[in-house]
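Beneath this line is the structure, given in structure tokens, with notes to follow.
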Amino acid sequence: MALLSATAPAKTRFSLFSHEEAQHPHPHALSACCGGGASGKRQRARARVAAAMRPADAAASVAQAASPGGGGEGTRRPRVLVAGGGIGGLVLALAARRKGYEVTVFERDMSAVRGEGQYRGPIQIQSNALAALEAIDMSVAEEVMREGCVTGDRINGLVDGISGSWYIKFDTFTPAAERGLPVTRVISRMTLQQILARAVGDDAILNDSHVVDFIDDGNKVTAILEDGRKFEGDLLVGADGIWSKVRKVLFGQSEATYSEYTCYTGIADFVPPDIDTVGYRVFLGHKQYFVSSDVGAGKMQWYAFHKEPAGGTDPENGKNKRLLEIFNGWCDNVVDLINATDEEAILRRDIYDRPPTFNWGKGRVTLLGDSVHAMQPNLGQGGCMAIEDGYQLAVELEKSWQESAKSGTPMDIVSSLRRYEKERILRVSVIHGLARMAAIMATTYRPYLGVGLGPLSFLTKLRIPHPGRVGGRFFIKYGMPLMLSWVLGGNSTKLEGRPLSCRLSDKANDQLRRWFEDDDALEQAMGGEWYLLPTSSGDSQPIRLIRDEKKSLSIGSRSDPSNSTASLALPLPQISENHATITCKNKAFYVTDNGSEHGTWITDNEGRRYRVPPNFPVRFHPSDAIEFGSDKKAVFRVKVLSTLPYESARGGPQILQAA
């Protein structure tokens, strides 16, 4: 029976459901206040109605929990208390209820997701976590996958933050497909929590309740809330995050580890031109890095990490400005996303984790998710590990229950908790370490000798590849497939009752393999429109280049009378009358210098400037700068955009005919 302090004010529950429901106090709190009698009968009637509205297995759980004479562990499944209604806590509650357990989830504020929905934005649910959800409840997993945005069917990987060039590409599709697992998705944290809470059931979630202490007397656990209320159960699971109160009571005060990085995050209404071919990128830099990901609905989510002391703040409306200063000189993919994000949509938080521990619990209490293995977000596995935790804990509880039912002896809850911990510790510790390694690699990246060397920084002008960059690429190229295979598929053999099958909708583009091997093919598959944007503030208008192999663009000091509809006149001293020509072939653009006196120059995305040889077509790429006649007034930046942010560009001359 739950115990409620007579002096504590009654709390209401918060419903996440979209449909209207009659609100009633939590059943355990009612039993403490009202006892039996007419009120108790009304409560049992409400429980029967609620049971009828839930799936059969959940209804069986309520019926079994409400059965008379169920006071001992040998005659009923144990009552599970869960501190924390985040992703891990709700997944455990769902898994336990589907197996017939009575569950109570205590959450401070379901409507705010403990700030996660606001401060952490969408979450990546990778193949291993989606498979665990399928093993728990297929209908819930289907809803999560419908609501999510698939990213695992595209190119993902690491790129150089300055140039935007690919460093290494990740194949997250093949490891999933080979093991019959769902493909990685990104979903709003709020949406994910609402799906899980709806499946768990409103009657099992007690809102405005914060577990701050507990008493384990060896036979039961009493959870003590911040307002003084007390609830009894057979076990307590601390799923209350990195600053867990349950962890503190178990093992005493311990400090989280500051990663030395602060993180800015935002969501922008922005569609990059390669949205159909690239899911997410990690832009590498020295003591800073940037992550961008498609999250669906025409939005991009990004994270900007910068090495600095903890506790820093920004002046009012100063985040966007500071980010542009930090990432000054970085590639267009980064700068465009920052520029496209409203100031009020940018949030900041310091990044902490906790070192791996081999002691997750004591007695009838254990920990789950961030409360025991909070990790840095670099692998996108923090929430995934919590989902795996929830599944495994429910499995171990059920094993103990079945053993006790067969033997007719009381269920050994303590042993089941220790088995759960033993099953999870090694895998979680390895992935925790990989997340830390990923952060180190992302922030110690040096493309060239001289980067980060202070007085020797002039060496960067020589463009000598840094040995660490070369060695790192070799290691990642051959080590990453093995690592991804184990991270995404290493837990699949433990998923009971889940068939090894792929979803027909999780189909990758038939060019995916080619895109992994050929950067040019990936660029050619990019959507959007190509533009030449003038870098000076002169009279030149942005020029839209549209793919048509039958037409060409003439550049000269005056319009070409033989090509008047596709001619760019630049009346400048260093521009020859018939200076250069731009053509399109196989969805790529080329510039040919027509023997001009002052030449045509290209500065590529690596910062290398070279002269185009006369009468020979040279391919140019996004982010390149093309200089006609070595005149600063005739310099154009190549950009590819899905939507052009400049009104003047929309009205600019259309030079080439669309393909």
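Glycine is treated like the rest: Cβ placed from N, Cα and C.
Residues or ranges marked as transit peptide by Swiss-Prot on the basis of sequence analysis: 1-50.
Its Cβ placed at the centre, Asp370 (FAD binding site) has 28 other Cβ atoms within 10 Å. Swiss-Prot lists 79-107, 357-370 with the feature FAD binding site, giving sequence analysis as the kind of evidence.
What Swiss-Prot records for 553-607 is domain 'FHA', and it gives sequence analysis as the kind of evidence. Here the domain 'FHA' (553-607) is broken down by DSSP into helix, strand and coil counts: 6 helix, 23 strand, 26 coil.
Same-chain residues at least 6 positions away in sequence with a Cβ under 8 Å from that of Arg364 (FAD binding site) are, in sequence order, Asp216, Gly218, Lys220, Val221, Asp234, Leu235, Leu236, Ile413, Val414, Leu417. Sequence-distant neighbours of Phe358 (FAD binding site) (same chain, 6+ residues apart, CB-CB distance under 8 A): Ile425, Ser429. The secondary structure of Phe358 (FAD binding site), as reduced to three states from DSSP, is coil rather than helix or strand.
Every protein chain shown contributes to the tally, and the Cβ of Arg97 (FAD binding site) ends up with 27 other Cβ atoms within 10 Å. Looking at the domain 'FHA' (553-607) alone, the prediction's average pLDDT is 90. Under DSSP, Arg364 (FAD binding site) is assigned to coil, being neither helix nor strand in the three-state scheme.
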